[in-house]
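Undergrad: Right, I'll just put the structure down here and ask away after.
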Amino acid sequence: MAEVVFFLAAIGALAGAVGTVAVRNPFYSVLALVMHLLSLALLFLLLRSEFVAAAQVVVYAGAVMVLYMFVVAYVGGTSMPLGPGGTRSMRIGSIVFAGVLFVELAIAILGTGLKALGTEGAPYEPGFGTPARIGELLLTKFLLPFEIASFLLLIAAVGAVTLARRRGGLHDAEEQRITPLDLVRPVSTGTMAEAVGTRTNATTRERTGLEYGGHSGRAGPEDGDDGERTGLEAGVAPGGDTGPEDR
């Protein structure tokens, strides 16, 4: 049963790793990476390293993958065409690095990996896979790889900021400053109260113009009635006579 689970987890890990670099859509690439990490967790369980398997699921397949999804959604989740970008020196360096990595993996597999298939493996030691034992190994035997991993995280953070700036996701602090001139509202904008007040003032001016002779200086019959009505409101009779109080 353990052999079946091992081969299933190994095939899942390889398929997830290939899908991570082969799929063009970043969202599908992240999902393939989740599959790869879950398969690695099964392999850690087979090695009787329960704490590492739980950390693999909770930290990497959980929190880190959620962070990756946010980064992909922020920077851009659209598929991009693959092109021969980069300088000639970068292409040559990548080919050399891939060749060295292939030779290293070939030596590891052909030298000791194939011989270990027919053995029972290392015997189980008490305390193997516990947090105390892992912390001791990280700070003693594997101190240099542990510190190199911290530099890799720093490089990844700088790369994420660089990608966000290149695609317009982040701007300099100077571009986000607000000056007093930016607070001045344009002439074309206004509030609802100002719009209602403008219409009210226009209606009042129009009505006042009708009361005092109408538009364009011409007074019609209706304007004369309005003038008499205005005179009555002011205490003057239509014929020019004043009221009892003036007499």
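Cβ from N, Cα, C; glycine included.
Look at TrEMBL and you will find 237-247 tagged as compositional bias 'Gly residues'. Positions annotated as region 'Disordered' by TrEMBL: 189-247. Feature annotation from TrEMBL assigns transmembrane segment to 6-23, 30-47, 53-75, 95-114, 142-164.
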Undergrad: Checking distant contacts: for the transmembrane segment (30-47), what same-chain residues at least six beyond its ends satisfy Cβ-Cβ under 8 A?
TA: 2, 5-6, 8-10, 12-13, 15-20, 23, 53-54, 56-57, 60-61, 65, 68-69, 72, 129
Undergrad: Under an 8 Å Cβ to Cβ limit, what residues of the same chain, 6 or more beyond the ends of the transmembrane segment (6-23), are close to it?
TA: 29, 32-40, 42-43, 46
